[in-house]
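Student: Have a look at this one before I ask anything.
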Amino acid sequence: MEKERLARYLVAGPQDYAQLTLAEFTERIVTLMQAGITLYQFRDKGYTYQNADERLQLVQKLVHLGQQFNVPVIINDDLDLALTVQAAGVHVGQDDLAIEQVLRHKSANFWVGLSVRNLTEMKAAQALAVDYLGVGPLMPTQTKVDAAPALGLRRLKTLLEHNHHATVGIGGIKLSDLKSLAQSGLDGVAVVSLLTQAPDPVAMVQAMRKSWQTNAK
Ligand code: TZP
Ligand code: MG
């Protein structure tokens, strides 16, 4: 995976658009794909489907749309689902599936991302053949209920000194944070609410692109 893919990484599921139907949710994701997000993670924590088939159909559709709009779709946590729908990859946290087990499925066409929350996890991750790391939460966030304490910019920089992987930051990221995050050496930002709650999501994607391109190392 090229690290440029991480520049504008949208993480979202139907629970992040609580008032919308699944069809409307899909439309929002398509709009963001067309607007210029570079990667999309399907993360449906806390959402209740009518049945398993509804979830499968939704994800299959999103994967096809991602292929159409050149935005690879990564599945959060669910390795079996990711393999079933031939997603671009899977993202797991430290408390999810064993990373060694997930890495058995890694290939040029199936990427593996891992979350790290602190220096211990960052150091341990250096021995793993993952495609990218997600580091965070960087700032306090309302979006993830079981989020670890926020790292802040200073600790982020320390973590990055011990890192050779392509890396995206996540957690509480606002547009005004992009300048310092781009300068920190991160390869991109992963956001939920910045895009799902933006009054003008298309303009927000464009503003993210501009800020990143102006300030990235
Ligand atoms: N993992 C760490 S923080 C977070 C996840 C999924 C939520 C980020 O959401 P937001 O709205 O961008 O703070
Ligand atoms: Mg997880």
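Numbers run from 1 along the shown chain.
Just so it is clear, glycine is given a Cβ too, placed from its N, Cα and C backbone atoms.
Taken from TrEMBL, the feature 4-amino-2-methyl-5-(diphosphooxymethyl)pyrimidine binding site covers Q41, F42, R43, D44, K45, N76, S115, K144. Look at TrEMBL and you will find D77, D96 tagged as Mg(2+) binding site. Positions annotated as domain 'Thiamine phosphate synthase/TenI' by TrEMBL: 9-193.
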Student: Between the two most separated Cα atoms in Q41, F42, R43, D44, K45, N76, S115, K144, the residues recorded as binding 4-amino-2-methyl-5-(diphosphooxymethyl)pyrimidine, what distance in Å do you get?
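Tutor: If we measure all Cα pairs in Q41, F42, R43, D44, K45, N76, S115, K144, the largest is 17 Å.
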Student: Applying a 10 Å Cβ distance cut-off over all chains shown, what neighbour count does S115 (4-amino-2-methyl-5-(diphosphooxymethyl)pyrimidine binding site) have?
Tutor: 21
Student: Tell me which binding-site residues (F42, R43, D44, K144) have a Cβ under 6 A from ligand 2; sequence order is fine.
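Tutor: Cβ under 6 Å from ligand 2: none.
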Student: Tell me the Cα distance separating S115 (4-amino-2-methyl-5-(diphosphooxymethyl)pyrimidine binding site) from D96 (Mg(2+) binding site), rounded to the nearest angstrom.
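Tutor: Between the alpha carbons of D96 (Mg(2+) binding site) and S115 (4-amino-2-methyl-5-(diphosphooxymethyl)pyrimidine binding site) there are 10 Å.
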Student: Other than its own, how many Cβ atoms are within 10 Å of the Cβ belonging to D44 (4-amino-2-methyl-5-(diphosphooxymethyl)pyrimidine binding site)?
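Tutor: D44 (4-amino-2-methyl-5-(diphosphooxymethyl)pyrimidine binding site) is surrounded by 21 other Cβ atoms within 10 Å.
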Student: Restricting to the same chain and to sequence separations of six or more, state which residues have a Cβ under 8 Å from that of F42 (4-amino-2-methyl-5-(diphosphooxymethyl)pyrimidine binding site).
Tutor: A12, G13, V59, L62, V73, I74, I75, N76, A87
Student: Measure from the CA atom of D77 (Mg(2+) binding site) to the CA atom of K45 (4-amino-2-methyl-5-(diphosphooxymethyl)pyrimidine binding site) and give the result in Å, rounded to a whole number.
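Tutor: Given the Cα positions, K45 (4-amino-2-methyl-5-(diphosphooxymethyl)pyrimidine binding site) is 10 Å from D77 (Mg(2+) binding site).
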Student: For K144 (4-amino-2-methyl-5-(diphosphooxymethyl)pyrimidine binding site) and D77 (Mg(2+) binding site), what Cα-Cα distance in Å is obtained after rounding to a whole number?
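Tutor: Given the Cα positions, K144 (4-amino-2-methyl-5-(diphosphooxymethyl)pyrimidine binding site) is 14 Å from D77 (Mg(2+) binding site).
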Student: Restricting to the same chain and to sequence separations of six or more, state which residues have a Cβ under 8 Å from that of Q41 (4-amino-2-methyl-5-(diphosphooxymethyl)pyrimidine binding site).
Tutor: Y9, L10, V11, A12, V73, I74, I75, N76, H91, A190
